[in-house]
Amino acid sequence: MLICYFGCVLSEFKATKLLFFWQDPQPACRLSLVFEIPIIPEAMETIAMLDTIGVGDMVLLDPLTEDTLMKNLEERFHHKEIYTYIGNVVISVNPYQPLPIYSEATVEEYRNCNFFAVKPHIYAIADDAYRSLREQDKDQCVLITGESGAGKTEASKLVMSYVAAVCGKGEQVNRVKEQLLQSNPVLEAFGNAKTIRNDNSSRFGKYMDIEFDFKGDPLGGVISNYLLEKSRVVHHVEGERNFHIFYQLLFGASDQLLRQLKLNRDCSFYGYLNNKKSPTVQGVDDASNFRAVQDAMHTIGFSPSEVTAVLEVVAVVLKLGNVQLGEQFQASGTEACGIQDDRAMREICQLIQLDETILEQALCSRTVEAHQEKVLTALTVSQGYCARDALAKNIYNRLFNWLVNKINENIKVETTERKKVMGVLDIYGFEIFQDNSFEQFIINYCNEKLQQIFILMTLKEEQEEYVREGITWTPVDFFDNTIICNLIEDSKGGILAMLDEECLRPGVVNETTFLNKLNQVFAKHQHYESRTTQNAKRIMDASMSANCFRIHHYAGKVTYNVTGFIEKNNDLLFRDLSQAMWKAKHELLHSLFPEGDPQKVSLKRPPTAGSQFKVSVVNLMKNLYSKNPNYIRCIKPNETKQPNVFIDPLVRTQVRYLGLLENVRVRRAGYAYRQRYEPCLERYKLLCKETWPKWNGRASLPIDPKELAYGHTKIFIRMPRTLFDLEERRQKRLGELATLIQATFRAWKCRKSYQQIRKSQIMISAWYRGHMVRCRLVHIRYTRKEYKKYFRSGASKCIANFIYKRLVQKFFLNLRNNLPSMSPIDHAWPPAPHLFLTDANKELKKIFHHWRCKKYRDQLPPQRKEILQDKLCASELFRGKKSLYPISLPQPFQGDYLGLKENSRYRKLHSAADGKLVMADSVKKVNRGNGKTSSRLLILTKSHVILADSKAAQPKTVITLSDVDSVSVSRYTDGLFVLHIRESSTAASRGDFLLISDHLIELVARLHQTVLEATKQKLKLHVADEFLVKFKQSNITVKMVESTKKQSTIPVCQKKGSHRMEVLVY
């Protein structure tokens, strides 16, 4: 799908044809392609749908300056046109008022739309991403970035609602869509809060992966949350509120529910909610929102008992803020603290079903382990309040994580089939406050990483691709914020790494030592400054206090107060508090503190908050890099959240740090569309008869050459109007092809109908003709019965016998003239002409073959007969059993391989054979002790087996054939065999013989024949991979081991212990 479009000016369009030229980059297979379609001016009428207020796509701004860009944004903003394009990037300016541009009719207008053929809208990029996922099978992600209060949360909800509206229908699909949409109000209630800049500010990062099937229907999703601002639970600045759920619960819960939770409807009654200003927000109905949250939790799959348990935990957090501590002194005079008002403590313990003394001791004291001894240390009042607040923050943070996991359990995808994924990122925006602490530092670090993605994927990669493809253009300079990311996240010398190092360092650790270390390491870093570095450069800055440092972010300079950095990064909770919560009988609260189990106490220090967040950000970046990005850049027009107010300096600052001007310049200098040659041909080949349905090697589609550029692997098209024409023509052609398919189907259906009618007619005709023939047969039988006396009584039998004899005679005459050759291996034979002659034909073939074989044997000389007899014996013994047998087939059996008669060295051996020589060969005898081999001469006579020394040619061992019990061989191609001697024989004292022969098949076959002649008994042959060999003192098991690497032609014998030998064969 073509998604990288640009806006265009119709009046300048003069091209009349489009030309593609493709040449394969591989020199070995140069191919060229040119195809041509004339451009019809009417095809560009869809562009007329673009609005005329300002410029909808800022690529078309003329002249392009920061002032014209700002003027265009302001003009469109005042006319309620809050969306503007930069290529395929959507710029969204927060209107701070509801607009009538999100109706069902608007959804239908943007459904399957051409990206640039309609007014700029967030629905356009949502539709583009969804169609790319569904039709091109590309995973997508929608990156929504901007300052806090710029409208990111609302933008993410609009994207999700649009996708839910345009995807498939059905009971299961609707249920999944409803669950995905209803997760938003639940997470907003527990994770969003009113800030000075935003009435519904996300105080956590959320990334949702929505998973679709191959049809584009939603199957479920997975939500990832990042760094909830849990410090807001115990403290928020004047003019802000705590998390929404606290106010929604107090204002929206029934009186009965409040009594059950032991809560008071007055917000000022609770220390964590106490604020001088009104707790309500103009235009926000907390009561109705609470009912919406309850309905949403029910829709997602929360049971009533789980909802009640969640609200009880929320009530516990509220009441912890009312626990008041007073100063006390122990007997030793040491300062301690104690509970002043028992009411709040009692109500908390009643809600969580815990003994009051356990919780009081956990809040007012701390157990310290030293040298395997436990010491109970009393806490001061300030330490007690810190412990109370840490417990409240941890309970709420763990409750929020539990909610996210519970939602994931209900919306997760059960199927294992491959899924398509669309990710939506809604994460806190860049924050610059009067007092910036650890939370702002972490949030701004995340925004730096998101800006890095935008730089790499839209600006840097855009330029690098043109260079890589060899396209000539003017480079655009832009700021690369990698240096800032490294300043924060470098694993060895980054700020986060040094903060972790300070947290883990023994001794006195405070923010001062941490700041001094930063000043020392980054003294000359161009994006870092502090009071110390300014003094070194003789710069006077009254706004920089001694306990602060400043980072020059891409969005501007931010001054961070290091107070609380180490405490917030450690994020530690006393073990006493964890164990107290684990002892509570409240099922949900008990499950939130698994480390409180005394049986599972771990002394390992938990990872710091900074390191955890850094790992989460790295994983998020990997996830985003794996998907096709779609950008929505949100801009805040004013600080007071007023509609129709556009503050130029504020917006201009955001435009600068978002790099919008550089983005426009890159898009203007580049090309609207780029694609590899093969997919481009694949998409548009249906537009030309030379390429559809099969490319014949050449076709043409001319266009103005200025509109095209040819890269090494891709084709580039400059203006989007050309693509509009191509897409319009493709859609039109698809309609034509659909019509052709329908026509073909109708023709096929008519043809099938005709064939069915014809088949029925043939069947009816056949039945009718059969009926007529049967009627005629009845008539003939009747006539024959009447006139039977006039016919000879045996005529039919006589005729049948005559025909039978004639057919048999003809069969024999034909067989005589077509007999096969006299070769025994010729299997040709004339087929039987008639079915009744089949059996006779088979018997004749068998008789002829036997006669032919006898004729062949009769003409053989005696010596040849004897050789074939030996081969036949070898076949009966080894065929299908030993791999060496097929190799031995073409080798003739010689018998005497030593030349006993001709060689004078073997005169004694020849005389020992006494004229009864059967076979003489050289063999290898395997030493039973170490597996080594030695040469021997084997003489087989009609009565003995003689083993002689190969050097002296003297008989060493003489074995009578009756003493030979059996022979064992392997199934491989080796020549190893064992000559087994009968235990009762005189030769048994020497044991069995393990020998190797190059003529094993012939040797065993001749030995078998000789034993049969001498003893009238067949020689037993064992073919196995493992067999037992009996020697003098002991028995040895010989195991054949197959080796893939051939090292020698002779099997290698290796002794394995005293009773085992392995033979490597190949």
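Placement of Cβ uses the backbone N, Cα and C atoms for every residue, glycine included.
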Per TrEMBL, the range holding region 'Actin-binding', considering 410-432, 433-455, 617-639: 617-639
Three-state composition of the region 'Actin-binding' (617-639), taking helix and strand from DSSP: 9 helix, 8 strand, 6 coil
Chain-internal residues near Glu147 (ATP binding site), provided their CB is under 8 angstroms and they sit 6+ positions away: Arg197, Gly429, Phe430, Glu431, Ala555, Cys634, Ile635, Lys636, Gln654
Cβ-Cβ distance under 8 Å to Lys152 (ATP binding site), same chain, at least six residues away: Ile144, Thr145, Gly146, Ser202, Asp426, Ile427, Gly429, Ile632, Cys634
Chain-mates of Gly146, Glu147, Ser148, Gly149, Ala150, Gly151, Lys152, Thr153 with C-beta within 8 Å of site centroid, ATP: Asn94, Asn198, Ser201, Gly429, Cys634, Lys636
Around the Cβ of Gly149 (ATP binding site), the count of other Cβ atoms that are within 10 Å: 24
